[in-house]
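Visitor: Before we start, here is the structure in question, set down as structure tokens.
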Amino acid sequence: MTEQNQQPKTYCGFIAIVGRPNVGKSTLLNKILGQKISITSRKAQTTRHRIVGIHTEDQYQAIYVDTPGLHIEEKRAINRLMNRAASSAIGDVDLIIFVVEGTKWTDDDEMVLNKLRSAKAPVVLAINKVDNIKEKDELLPHITELSQKFDFAEILPISAQRGKNVHILQKIVRKSLREGVHHFPEEYVTDRSQRFMASEIIREKLMRFTGEELPYSVTVEIEQFKLNERGTYEINGLILVEREGQKKMVIGAKGQKIKTIGMEARADMERLFDNKVHLELWVKVKAGWADDERALRSLGYMDE
């Protein structure tokens with residue numbers, strides 16, 4: 001075989017992104033991928049599922065696992081399941097990116113770190129939101145202190161929101177990839193279905209427009225997702241809440257809040273799907289769904 005006919009070597013690997021809730025894991029994944037795949041909002045616990053983001057560049061393919069935030073409280077069924085999903089994500093990967101927030105270090109951060117002590121893969125500590133640190137001279141002593149807690153492969157200050165040092169993080173990721181075939185075609189950015197992405201977009205808008213008023217125990221079920229004869233996606237979304245008061249909160253005065261949520265979600269879907277979308281939303285009270293593992297199974301939060 002001549003040198004011209006030889007195929008270039010390809011590299012592929014799995015990368016887990018872990019950390020306590022609300023440190024910017026989803027924002028980081030979206031920045032790496034160049035588009036919104038994982039739900040982001042200011043409310044903790046907005047990532048429910050292990051969303052796989054796929055970044056292929058030249059001969060390198062990195063498959064990112066965006067975990068729910070590991071956290072200490074496990075009183076509700078949904079919390080236990082989210083912790084289980086996050087813990088399983090770190091079991092069989094080539095690199096772990098542990099995201100923390102600025103100079104903050106909490107009991108939850110310590111708990112995540114303790115879970116990482118048994119991990120086989122190298123761990124990169126990504127100190128996110130460094131642009132928000134008011135006293136910049138506090139960062140270096142904080143890095144020194146963290147470096148004594150664990151044998152990190154790298155410690156890198158970043159700003160996922162602004163993209164600061166994200167390219168350096170991607171170089172570190174590349175070095176961790178093993179020689180092997182790519183698992184996905186080059187154009188893939190996620191293995192999730194359009195139906196799933198539609199539910200995530202609606203849920204993000206719910207979190208964004210209800211602020212801290214609405215608990216994270218709200219979910220979206222896509223009851224219909226079809227392409228009509230005019231080439232438009234017809235999507236019907238059912239928003240499940242636990243109490244009547246939450247239903248009123250989502251609908252808003254004279255239906256204005258749910259109208260805004262629907263308009264914003266539709267615009268995001270049209271950008272993501274590159275297609276016209278007709279979206280209809282309903283709100284239903286289903287008491288105790290976040291405490292019921294059977295209900296969680298039916299909504300796709302756990303494997304059968």
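Positions of Cβ are set from backbone N, Cα and C atoms, glycine also.
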Visitor: Taking 45-49, 190-194 as the choices, which stretch does Swiss-Prot tie to region 'G2'?
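Guide: When 45-49, 190-194 are checked in Swiss-Prot, region 'G2' belongs to 45-49.
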Visitor: Under Swiss-Prot, which of the candidate ranges 3-10, 19-26 is annotated region 'G1'?
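Guide: Of 3-10, 19-26, Swiss-Prot gives region 'G1' for 19-26.
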Visitor: Which range, 108-111, 128-131, 136-139, 208-211, does Swiss-Prot list as region 'G4'?
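Guide: In Swiss-Prot, residues 128-131 carry the label region 'G4'.
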Visitor: Quick test of your reading of Swiss-Prot: among 34-37, 66-69, 146-149, 290-293, where does it put region 'G3'?
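Guide: Result: 66-69 is the stretch Swiss-Prot calls region 'G3'.
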Visitor: Could you check what DSSP calls N22 (GTP binding site) once collapsed to helix, strand or coil?
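Guide: Note: N22 (GTP binding site) is coil by DSSP, not helix or strand.
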Visitor: How many other Cβ atoms sit within 10 Å of the Cβ of N22 (GTP binding site)?
Guide: 19
Visitor: Counting each residue once, how many in the region 'G4' (128-131) are helix, strand and coil under DSSP?
Guide: 2 helix, 1 strand, 1 coil
Visitor: Fewest neighbouring Cβ atoms within 10 Å: which of the binding-site residues G19, K25?
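Guide: G19, out of the binding-site residues G19, K25, has the fewest neighbouring Cβ atoms within 10 Å.
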